[in-house]
Each structure stands twice: as structure tokens, then as C-alpha cells.
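Here is the structure we will look at.
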């Protein structure tokens, strides 16, 4: 039972659902790069971010012509309203790509029902729901507008959102794409760094859809399954880091320690050969190269739960350790997240940058703004799709290689599905 509890907690963390009760915050629509100075809280809310988010409402895409190319933007998603929380948890606990539980079909509904009230309260206190759909819609709108200019031969382009655990579900998005009569479909993960528990699960859902309905796709599928070192992605991260460094006192700026924080993984997953740690490290290395190694830095890992070994060092322990060693000016950079959600808005902004920082005696701590509505990020997405179309490749070479100790037979079927497509 101890192992079972650890698996359940790990699953919640992997889906970005915090088990702890968050403090009240203003809203998830506002990125809050908090700074503590001499133990006193000085909340610095980025006005530009707030303006972006206020205008980032999902809109129906105007279609003057029948879409020719569809881009399916894949993500786990998050409950958009409090009423979505139960179904979100239920689908999460039923996902065998994420975890395997005994009598899962019976245990999952029990766990979801038991957890729903507490999770609803958490989302209520950060604005009533997750911002992932809002930001994905805004990013998709910018992406397809640019794509129509970059690649007129494959236009019109239309983006579709495919979430694993909330509407619009991946399966619902595929059905809409089939109804639209697309010629080309691109499964585009919104996780820059590949993991079997995130991108892998979303790609498996596409394979399972066609396997269950018993028919072949009417459109030609390919996938952008990872993009950890894309030059515009790296530029976005570098720009946001430089922007936050400017807020530190001039005399302290060169001493600021940059902590790149990514969601951790259990070592049992890593030791099967999941490429996630290497790809996150590659992103960090490229960002620091772009910054010409302007400051000392470390890659740290957040959201560990349970007694089992996870990737380390942990973000909170790293903050404590740095303070104990006299390094009290810290910049947190969420390097594996492209938009704000509960792990940035609560875990980084409140738990670490307010509560923990005050306890440790941090002088200055800030968090780099997430990519959210940055126009350069939409340009990055468009460039990735455009380059993918021009390459005429079905997927990356890495996707053709299974983890050396993979235990999920569906992964092999999914790889076969994508590599057997004809463009």
C-alpha cells in the first residue's frame, strides 16, 4: 500500500495537480515574479503579462476556406472550471500510460471522487480553473496566422487542442479533424522535452483512437515529438531571464544564481531509459550558451512526492542549500513549462518565492515569466511546424527508438503507427 500511495501521488504531480493546499493568490491570469528583499515581501506583478492574459480568451477560428493542414496541439490540460475537476482526476487515474494500479477501473473512480472536493478548493483559490487552454488558444492563433504566410502551399492551417484529461480531449479533436477533411495532420506536442509520461501518453492516445474505431486515418499524420533546442525557444527563455535579471540590484546582479526548475521524474522511470532528463539538460545548456554564461546556474527538479528516489536536487532543497552557503540572490526559471499553471503560479511563486524564501532569509528571489503570450514564442511554434513540413519527415529519429527497458507494449504500436504513414 505504501508503494501504491507513492504511485498515486506521483501521478498527481505528473499531471500538475498539487497535493498541498495552496495559499490564496490573486488569479492565474497574472504571472507574479515575486521578490523578497531583506525578508520583506515585495510582490511585483508584471503588467504586460496581465494584459496578455486578459486578452487571451479562446476564440472560434474564422475559416474562410476549408482547412488543408491541421496542427493538433497536445498537452495534458487542466480543469477549466471547478466542475471539470472530477472528470479530470478520473481520466488521470485511468491512464495506464501514466501509472498502473491494481483493479484500476474500480480504484480510479474511488480516488477521483475522494480527491475532487480538495482539488476543487485549490483551483477555486487560484481563479477557478487552469489557464492552459487559454494560453494554448492564444499561442495557436498566432501560430496558424504566421503559418499561412510562411507556407501558402499547405494553407489554410487550423490549430486543434487535444488534452488528455479534460475537454477538448485528444479523441474529440481527432474527430473534428476528420470531419474537416484535412489533407495533413501534425501531432505537435507542447512539451519541448519528450517524456513517455507526457508526450508519449498523448501520442498513444492518437494510436488508440484509430485502433478502437477500427479504421485508418483519412489524413496523413506526422508528429513533432520534441524540440528542446529550437533556436527561437532558446531565445524566448534567454530574453525572459535577462528581463528578470534587470530587476535585481545592480551590485548583486552578477551574483544571482539561475535555478532552472523542471518537473521531476521517479528514478524508476528514468532508469527505463526515458530521455526527459537529457533533453531538459540540453535546453538549459543552449540557454546558457545564448546568455554567454553570464551567471552561475544549476538545473533543479520540483514536485517530488513520496519516499521513492526521484531526479534531484530538488528545487526547494536547492534554495535552502544556497542560502546556507551565502548565495541569497536567486532567479527561478521554469524550463520545462511553456505556459503558466498551478506549478508555476503556486509552487514557484508562492511556496518557494514567498514562504520558503522568507524562512531561509533570501535577499532577492524572482521567477522568470513563462512564455505565455510572447509573440516570439508563437513565431517559434510556426517555425517548428514550417520546418517540419519542409523536412517531409514523419517524426524525429529519437521517436523510432523505444526506451531500452520499456514495459509498455502500446508504445511500440504507436511508433509503428507514425512511422508507417505515407506523406
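Note: Cβ is positioned from N, Cα and C throughout, glycine not excepted.
Going by Swiss-Prot, these are the annotated features:
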TRANSIT   1-54  transit peptide
MOD_RES   57  N6-acetyllysine
BINDING   115, 123, 130  protoporphyrin IX binding site
MOD_RES   138  N6-succinyllysine
BINDING   196, 403, 406, 411  [2Fe-2S] cluster binding site
ACT_SITE  230  active site
ACT_SITE  383  active site
MOD_RES   415  N6-acetyllysine
MOD_RES   415  N6-succinyllysine
Protein Cβ atoms within 10 Å of residue 411 ([2Fe-2S] cluster binding site), excluding its own:
20
Taking residue 123 (protoporphyrin IX binding site) as the reference, which of 138, 196, 403, 406, 415 (the recorded positions) have a CA within 10 A of its CA?
none
What same-chain residues, at least 6 away in sequence, bring their CB to under 8 Å of the CB of residue 403 ([2Fe-2S] cluster binding site)?
196, 272, 273, 274, 275, 411
Give the helix, strand or coil assignment DSSP yields for residue 406 ([2Fe-2S] cluster binding site).
coil
Could you round the CA separation between residue 383 (active site) and residue 138 (N6-succinyllysine) to a whole angstrom and send it over?
16
Report, in whole Å, the straight Cα-to-Cα distance of residue 115 (protoporphyrin IX binding site) from residue 138 (N6-succinyllysine).
31
Candidate nearest residue 230 (active site) in space, where candidates are the recorded positions 115, 130, 406, 415 and distance is Cα-Cα:
415
Apart from 196, 403, 406, 411, which residues in this chain have a Cβ no more than 8 Å from the mean position of the Cβ atoms of those residues at the [2Fe-2S] cluster site?
200, 272, 273, 274, 402, 407, 408
What whole-number Å value do you get for the CA-CA distance of residue 415 (N6-acetyllysine) and residue 406 ([2Fe-2S] cluster binding site)?
13
Roughly how many Å lie between the Cα atoms of residue 130 (protoporphyrin IX binding site) and residue 406 ([2Fe-2S] cluster binding site), rounded to a whole value?
32
How many Å separate the Cα atoms of residue 115 (protoporphyrin IX binding site) and residue 406 ([2Fe-2S] cluster binding site)?
30
Spatial neighbours of residue 406 ([2Fe-2S] cluster binding site) that are distant in sequence (at least 6 apart) but have CB under 8 A:
196, 272, 273, 412
